[in-house]
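A.B. asks: Feature list, courtesy of Swiss-Prot:
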DOMAIN    8-91  domain 'Phosphagen kinase N-terminal'
BINDING   64, 65, 66, 67, 68, 225, 271, 314  substrate binding site
DOMAIN    119-356  domain 'Phosphagen kinase C-terminal'
BINDING   122-126, 185, 229, 280-284, 309-314  ATP binding site
């Protein structure tokens, strides 16, 4: 049974959300009917409740989505809420749909988006992975955090060639190293209010760490929002090179760490927006003419399934006319197709900018 205090919190939170002018997907799909059906359910292995899934969205009415999965089973137990949100966010991925098997495609077919270096400042491709046998952030114990960090650190330390580098645990990290990594945009800070409210920051900084290779083009975040965020990036627009490095890294890590995967949803992540390929391919790009009107920029980007963010990440404004633009769709298509969609869209945006 779900205890009375949790039910009370749910009821109060639901009423507030209902009365709010929140634009979140949570508000859109959490009808009274769905709410009543799910409020007394729990996931079998970890006892996660509806509150664990939606408390961030109940607290932050300005959420875009407002829901997280406390453990892998939540996607099934609370499917009546997750499925419509997934379908809405991922461009019509229906509950009868199946995410295709992993396919990184032919990495050699992607080239430099901006060979003359006029528009693209940097290129980045990342994916998220969850380690099999562990729940997501809200259910992890401190001992599990430490055990996971140990596994990740050992695995990454054995990487060779271009991926060779060093693992820095957040615990006991000197202020200087910490600040340097933040300035490099490498380090993650303790979660924002959206993640805090989702209980994703417990036992901080235990079990959290960062790895980067010697030339700072390959990064792994351990236990930030997801168990693993694997990131390949470099200055300029050479998407082919960035993607090739990511694919190589993911394949190497997967040989040593089994990842959580679901036949229908693909690779499992804490936030439903990252499911499937989990892949986000992005550029920091200057498009001064298009960007003079952000609404117009977003409209054009939307046509190519691209998402526009401010240059310092989610929930931020653009600095100096530099935008972060990425593929929006991560589900129902292969890894290669997700990157290709971003590739084609960015080339179109550059073409439009050049013609203005």
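In case you wondered, yes, glycine gets a Cβ from its N, Cα and C as well.
Small disclaimer: the values here were computed from a predicted structure and weren't measured.
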A.B. asks: Is it possible to get the count of other C-beta atoms within 10 angstroms of the C-beta of residue 68 (substrate binding site)?
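C.D. replies: So the Cβ neighbour count for residue 68 (substrate binding site) comes to 27.
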A.B. asks: Between the Cα atoms of residue 282 (ATP binding site) and residue 225 (substrate binding site), find the distance and write it as a whole number of Å.
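C.D. replies: With the alpha carbons as reference points, the distance is 18 Å.
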A.B. asks: Report the nearest neighbour of residue 271 (substrate binding site) in space among the binding-site residues 122, 125, 229, 309, comparing Cα positions.
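C.D. replies: The smallest Cα gap between residue 271 (substrate binding site) and any of the binding-site residues is with 229.
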A.B. asks: If you draw a 10 Å sphere on the Cβ of residue 67 (substrate binding site), how many other Cβ atoms land inside?
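C.D. replies: Total other Cβ atoms inside 10 Å, all chains included: 27.
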A.B. asks: Give me the DSSP three-state residue breakdown of the domain 'Phosphagen kinase N-terminal' (8-91), ordered helix, strand, coil.
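C.D. replies: Here the numbers are 49 helix, 2 strand, 33 coil.
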A.B. asks: Identify, among the binding-site residues 64, 66, the residue whose Cβ has the fewest other Cβ atoms within 10 Å in this structure.
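C.D. replies: If we count Cβ atoms within 10 Å for the binding-site residues 64, 66, the smallest count is at 64.
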A.B. asks: Across all chains shown, how many C-beta atoms besides its own are within 10 angstroms of the C-beta of residue 309 (ATP binding site)?
C.D. replies: 17
A.B. asks: Work out how many Å separate residue 68 (substrate binding site) and residue 122 (ATP binding site) at their Cα atoms, rounded off.
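C.D. replies: It is 30 Å, counting Cα to Cα.
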A.B. asks: Per residue, counting other C-beta atoms within 10 angstroms of the C-beta, which of the binding-site residues 65, 271 reaches the highest number?
C.D. replies: 271
